[in-house]
Amino acid sequence: MNTSQATRAALFLNGSNRQAMLLQRSSMSQLWGSVRMRTSRLSLNRTKAVSLRCSAQPNKPKAAVSTGSFVTADELPSLVEKPAAEVIHFYRVPLIQESANAELLKAVQTKISNQIVSLTTEQSFNIGLESKLKDEKLSVLKWILQETYEPENLGTDSFLERKKQEGLHAVIVEVGPRLSFTTAWSTNAVSICRACGLDEVTRLERSRRYLLFSKEPLLENQIKEFAAMVHDRMTECVYTQKLVSFETNVVPEEVKYVPVMEKGRKALEEINQEMGLAFDEQDLQYYTRLFREDIKRDPTNVELFDIAQSNSEHSRHWFFAGNMVIDGKPMDKSLMQIVKSTWEANRNNSVIGFKDNSSAIRGFLVNQLRPLLPGSVCLLDVSARDLDILFTAETHNFPCAVAPYPGAETGAGGRIRDTHATGRGSFVVASTSGYCVGNLNMEGSYAPWEDSSFQYPSNLASPLQILIDASNGASDYGNKFGEPMIQGYTRTFGMRLPSGDRREWLKPIMFSAGIGQIDHTHITKGEPEVGMLVVKIGGPAYRIGMGGGAASSMVSGQNDAELDFNAVQRGDAEMSQKLYRVVRACIEMGEKNPIISIHDQGAGGNCNVVKEIIYPQGAEIDIRAVVVGDHTMSVLEIWGAEYQEQDAILVKAESREILQSICKRERLSMAVIGTINGGGRCTLIDSTAAAKCSKEGLPPPPPAVDLELEKVLGDMPKKTFKFNRIAYAREPLDIAPGITLMDALKRVLRLPSVSSKRFLTTKVDRCVTGLVAQQQTVGPLQITLADVAVIAQTFTDLTGGACAIGEQPIKGLLDPKAMARLAVGEALTNLVWAKVTALSDVKASGNWMYAAKLEGEGSAMYDAAIALSEAMIELGIAIDGGKDSLSMAAHADGEVVKAPGNLVISAYVTCPDITKTVTPDLKLGGDDGILLHVDLAKGKRRLGGSALAQVFGQIGNDCPDLDDVPYLKNVFDGVQALIAENLVSAGHDISDGGLVVTALEMAFAGNKGINLDLASNGISLFETLFSEELGLVLEISKTNLDAVMEKLRAFDVTAEIIGNVTDSPLIEVKVDGITHLSEKTSFLRDMWEDTSFQLEKLQRLASCVEMEKEGLKFRHEPNWKLSFIPSSTNNNYMSQDVKPKVAVIREEGSNGDREMSAAFYAAGFEPWDVTVSDLLAGDITLDQFRGIVFVGGFSYADVLDSAKGWAASIRFNEPVLSQFQEFYKRPDTFSLGICNGCQLMALLGWVPGPQVGGSLDTSQPRFVHNESGRFECRFTSVTIKDSPSIMLKGMEGSTLGVWAAHGEGRAYFPDEGVLDHMLHSDLAPLRYCDDDGNVTEAYPFNLNGSPLGIAAICSPDGRHLAMMPHPERCFLMWQFPWYPTSWDVEKAGPSPWLKMFQNARDWLESC
């Protein structure tokens, strides 16, 4: 599956044209541009690069390159970049698909010049070599770099420079990554090379080259504009010439002393400005006094940087814990005390609260599938474990404003590490996300409420770019890591208020939360003891993310733009996953877990995480023990940079060997950087400098850091913040006479906070892990609408956890207190649709995003906290954690633009039965469905802060509120009682857009019609329909009406019948008997989907978007049918002492192994966890297995094409290759490849197999980029055809849904003869089909564009099957997001896909 190389034109339009670039044009009209470096322009070595005069050969290279040797974990050369002796180049065409190329050309002609008549692309691989490659190894490198069926499209000379067109002017533009840091792409590419024995490769970066032909010579500014269009200025640059060196000529800066003893505070003020330390008045006073009067010496620049990061607002939350003075009156409680008061009043089931990296509540005793010998090759079996439910939430706002894609990547990655670094380590399960940005100003969109006069800051990305790139970054990171994203929210806002203030999210919100699990025995971190080892595990150090903690604590625009860039981190999801696998192996050891304590590296880098892990005992740390990927880094940079994918852990000395063994298996670096010494200090030494001094007969240099922990990390003096409340001017909502309901809906349904979120959900994996019981999409058409997200704890139990989000920031512009209460109310009215253990078990994360230190905002935040506390205590629920981001403002057009203050409530709770979840899609027809309205506002209909007000350029003056808190409690308990007895068929909360939007959305999702008949009770039409007062709409059966009403009355809850459901797809809205709307469901749904589809066109192929948009008008419930009845595996199989062994094989970046193991386990197999590392090391051989499975995921992060690196690691390691060849030939074995494994089997030639003529690379079928050019995740329909496949026996003739999630799933047949032979032999057993069950190539039914709907290929003997969809993620019915009510199945039971795995078991029995 590939997302990083999803070759959509829009992905090359994410640069910025707001900043002029210094570009140089040579006399030959080739534009390479300037390589901008961290400090000064890079001086490139201009010696001529070595030319390799070789051409791509169609023959396969020989396999005998690597003999399977393996290095130790502490060496891991792929992680440590060595200087390259030379840089060689290979070029490959094309860079992007033909359709994407045409789209890019069209955009260029529109934005740059219509004189441009053609555009051609290629990619350049810039390869750093430690020494020359021999011919045999060179052929291997070429195989890795080339497309297997197009070897002629790879060469050592540029293809673009050969092209000429008579009478046209040509210019070449090349863009690529900045050289100041190694990209994650290069890290994975080098890792692939190492796995194939190409140890000479030290770095491999990819650049993109564009050839423009124009009728007239392009002007300099036009070339600059094009360059800006096709690269990200924050992470990339334009190359002025062919790279001949990766050296940056950066000289590491020596440790400096800051003359505080001589110059006092002035010295700190100067370094504060120079380094962007974000010291405020109180900081400057405290640290001047600390060093002059207490420590009595000059601090080093490393110490000051250290203090700035670990004691920044971002890290220490001074504001939340500080003293507040409002309107001249000291407040008796801090914000932290106010929020914690809810937890102190209602702890109940809390096991971790207001400490650690996450919070947790008491879970259940469950049977978890886990390895018997974690950290080594072994079988998996179920064991009873006491698992608690865990939750964490945080934001990554500042980085996303500066560089949205990497900022969001690392936001997601940092939160993932917060999850797994809780207690002594914990399990990552699923994520939620949220985005708040300014006005999109999307070209061609209908958004008359957006103010076209607003100016946007040049140092920040535009709101539109942030929404697209940040969501791409977070999605791609989660997809590669293997964490499903199952819930979220989106909001845009930009308006000048009646007070004259402009409020807008120029500094955006990128919200990321995670729900996971933790073994109850691991909830408490161990305390450091003398002799314990301080260990860092994860990726190497790079010069990135310098000062992120301090920079994120400032209003955007206060800091230097280059410092802002330096503060943005870079993510490597594949490295993050390897890190998590090491942590998971440790925690699955149970009571033998070697991890005593764990903290993830985030804001402040080592500055923060190391001091956290050694506090209060202290340790001496050797900076040179840290694994670095850039040897030019200074002590300051190694200590302070926020390079990601790192944890600090404490282990006992005797655990060192087992930890090294686990790290070696997962190919992760491990470094012991110090030992707990009990001195209470953090002392940072430089052993290299000390050795040099010793050699020269000099005393060792003083430590770069030597600080008493208590004085910089312990109880430091509180800060005091003073505010006055501000009464902002308000104006009543004024809707012009003559505005109709349809006029209003045309606007409201297009507002991003209301409209479809399809553009966010189809690009993110929502099924990986197999533990997702409820994600965003619902109903027969899989519309993005779910209110609550639900996870399962295991594959064998029905217990789980649910989470839901509430946030109402626009209401806060009118009344911060009401906003807080509404956020709580929305979270609960979303959460209520999952059956939970009890309302009193609900806990929540509270995330505060305010410009808190600006006038009026601190007091508003304080008032909101008081209201939040009071409401939660009355409800019996509590906040148990959260984060704050308190510099939510940016400079623009001469003013400070504050973001609307936002409080995001993420409620989470335990579920006794995950199958009892109600979705919003209407299900009842034939006059049986009745709609009930449960009104929490008891008749009030206030429009202030509503979507209606926003789309008419106003906010109004009368704010909705939760006036009766106890009534919300009654409603929650009452609806829970209805769900327990299966009396509710559909339900949805009332939120953005009001009652009418809630009802419409339910109809959209169910593909039904509705008749709404409402009474105005003396208020206006718009108040009746669009007020966003809290409430619920329930669909119930007419036969259950009396029972429902009676049960609600038992909870003192009243409900009103407001309409009925119809099978006819027509929506009719009456108020006081007058019809105000009568329109087709599809027509209104098209309005609701319009904004999402426009955003989709900026992310995937426009023709695919149009096809889906038009097709949606005619969609109907899929016509699925089964040719068999699913059943659980026979107990005789499950109880056998000896079961057939199946090797579940994974490579670096694979992420589908556990759900695959669970599926085979459920079919009576003994699944084994086997890595390629195990096979290379000889720890296991394949001769003991009857089945092998190649799992899904992103092996090597899909670098160099999907599964290419995995295939290379097998093909070019002789001992491993021979094992696979022998296994393939054995007549009593079978193999299965899913997704990435499917792509691998094609590359290995296992399907359709040599007998069909597909063994040569040039004719072997491959799975290539989806036609849409993007990763796609959908629950799609497939039909099962007759075939020899042993795993699909007895399933022929069935049509059903299955999860599919990939970026490269389009079957491609270079040789038509192979395709014909394959079809004639019935070797394409699985086909994508439409709603009628017909095989199709139409998008999105066929999500990748495979010819003839081909979704799977098998071998002629049926033993080997490769398929792109994921049956292992839906082998249980609760994993299905929807299925026909006509199916005779139990939601708690097996799904039809289990039969696939049972068939394999039956076949083995018959052999």
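Cβ atoms here come from the backbone N, Cα and C positions, even for glycine.
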Next item on the list: Return the residue out of Asp630, Asp989, Asp992 that Swiss-Prot annotates for the same Mg(2+) site as Asp787, Glu826, Asn830.
Entry: Asp989
Notebook entry, point to check: Counting all other Cβ atoms within 10 Å across every protein chain shown, which of the binding-site residues Thr410, Gln487, Asn830 scores highest?
Noted result: Thr410
Notebook entry, point to check: Cα-Cα separation of Thr410 (ATP binding site) and Cys1235 (active site, nucleophile), in Å?
Noted result: 26
Next item on the list: Given the binding-site residues Gly407, Ile416, Asn830, state which is nearest to Glu1368 (active site) when distance is taken between Cα atoms.
Entry: Ile416
Next item on the list: For Gly413 (ATP binding site), just count the other CB atoms lying within 10 A of its CB, please.
Entry: 31
Check: Which recorded positions (Asp787, Glu826, His1366) fall within 10 Å of Cys1235 (active site, nucleophile) by Cα distance?
Finding: His1366
Item checked: Asp989 (Mg(2+) binding site), number of other Cβ atoms within 10 Å -> 25
Item checked: Residues that sit under 8 angstroms from Ala786 (ATP binding site) by C-beta distance, when 6+ apart in the chain -> Gln487, Gln774, Gln775, Gln776, Thr777, Val778, Thr919, Pro920
Notebook entry, point to check: At the Cα level, what's the spacing in Å between Ile416 (ATP binding site) and Asp787 (Mg(2+) binding site), rounded?
Noted result: 23
Check: Which ones in the same chain are close to Glu826 (Mg(2+) binding site), with CB under 8 Å and 6+ residues apart in sequence?
Finding: Ile805, Gly806, Glu807, Gln808, Ile905, Asp989, Ser991, Leu1030
Note to self: Averaged over the domain 'Glutamine amidotransferase type-1' (1141-1381), what pLDDT does the predicted model reach?
What the structure shows: 96
Check: From the centroid of the CB atoms of Asp787, Glu826, Asn830, Asp989, the recorded Mg(2+) site, which same-chain residues not already listed sit within 8 A by their CB, in sequence order?
Finding: Val788, Ala804, Ile805, Gly806, Ala827, Leu828, Thr829, Leu831, Val832, Trp833, His988, Ser991
